[in-house]
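Asker: Okay, here's the structure, questions in a sec.
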């Protein structure tokens, strides 16, 4: 037994559970050998044929010739054949051939280990590696590079010790593999340490470290590394753009994509999907449409995955019409595509359409997933379909054997809370099989605020604070509940408690896209270059509203100030600033689309309904919970929100 095997002190892993499918050499020998019949059966010519082979049928013909002419123990031919079977996806043939090889050397072992690693069979690869050590075959740098591709962090650390012991810790490919192992395992510190100690860094090793930073949200470090790279391929650009998109920095993702185009780098499907995600987060419909046209004009294939990303983008940007057009063009829709369209309808409050689509999906034989039910329950919540929601929630477990997750409970709490069935929602949360998180409690607390149930609200807030689960929303909702009752003493106490806890209130922010540029506004914002024109339009809007008998809802301003100050506060909400900018920056009659990071306030909601009627404009507003389509004085939510 090799001394290096001693490092693996755990019991030997079980025999690989893959289908070994013992290769029938008799069947292979009986295969047609027409492709090789005109060649003298020499090892050199068979080796050339193996190198050129591009189909499993051709490989079987060569294998037949190899067997008939007695070359079945020829090491080079066996090695090439084993590797070729793996590359053609027949790992069972490759493994059967390996198992029949007499005294396989390191090249055979490395090849079969690599094949298993590429197929994601890390346990099986490790088992073969362990057997190799017991047979006394010493690994080389290619063996380590292969097995590190898919192994876990725990086994990676064990392999790292062997890498150091056997003197391969200075090899570029092995060290890159170690960086990847630590990165995949979430050990960013160890990945950075191995990376920084590399005497030279290839594009692959740089990309591996870049991926590590981006995946784990260390975007400043990722950008520093990215900007310092002399050579960047499309993978590097994709990693950085997707890192921004996945960690809530969509503006940075779009800016980097524009820089990518300026650098003449050619985007691929992965780039497009990441940028579509950024557009969806921002509600940047114009940018999303430009990207769609870029896909069409540059012959990028719109497969199901890309089409689903387009549906998601169009839904989040307020254009369900475009989303449905993309959905209807998908030839072979999978359940992910159906889910995306169902969730799109639910997000816009078109509950009936969402439920009809769900029924159609089930009718054609597709089985719903847990994501499907998030969309369906969300649709029920927006329409107040309590009994239907309960029916779907029960069917999840009973009919489809899907155990509800925290998100499904959140949908049910939202559904029951909006309908005023607070005690029912509270009982559901208390009896959950999973531990409720602050978001779930926050949804219930928000329902208490909506229906003025201070007693239950206090109970929930006390639970969150005592269990160190309170966030800014907890304090703000409770403070607002006291303010609505005129209890300013308790309001002051809660705000002091919030300040002492170091919790910061998330500021309301609204954005609007005009001419492919996203403009963001905070309440009372004075930083925009067109501030003067915006505030002039605000005055004009206030004049329209007064002329139509509108009275500002000053009671929702939960501060101990006079009515005039409350009215002034309402007039400069971020939604109204964005709307004013939209009115002065777009053509009359064209739709205006606004995105708000928080729930739209009731005064802005009522004012926007009236402005849609006065201006003859369709105004689409996406807040934290849903879309509102304002047309001719009405909203798609029917004021149930």
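Cβ coordinates come from backbone N, Cα and C, glycine included.
Because TrEMBL annotations are produced automatically, they should be read as predictions rather than curated entries.
For reference, TrEMBL lists these features for the protein:
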DOMAIN    549-641  domain 'DYW'
REPEAT    105-139  repeat 'PPR'
REPEAT    202-232  repeat 'PPR'
REPEAT    233-267  repeat 'PPR'
REPEAT    334-368  repeat 'PPR'
REPEAT    471-505  repeat 'PPR'
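Could you place these features in context, so I can see how deep they sit and what lies close by?
Answerer: The repeat 'PPR' (202-232): residue composition by secondary structure is 22 helix, 0 strand, 9 coil, according to DSSP.
For the repeat 'PPR' (233-267), the model gives a mean pLDDT of 95.
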Asker: The repeat 'PPR' (202-232): which same-chain residues, six or more beyond its ends, come within Cβ distance under 8 Å?
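Answerer: Distal contacts: 172, 175-176, 179-180, 182-183, 186, 188, 191-192, 195, 239-240, 242-244, 246-247, 249, 252, 263, 265.
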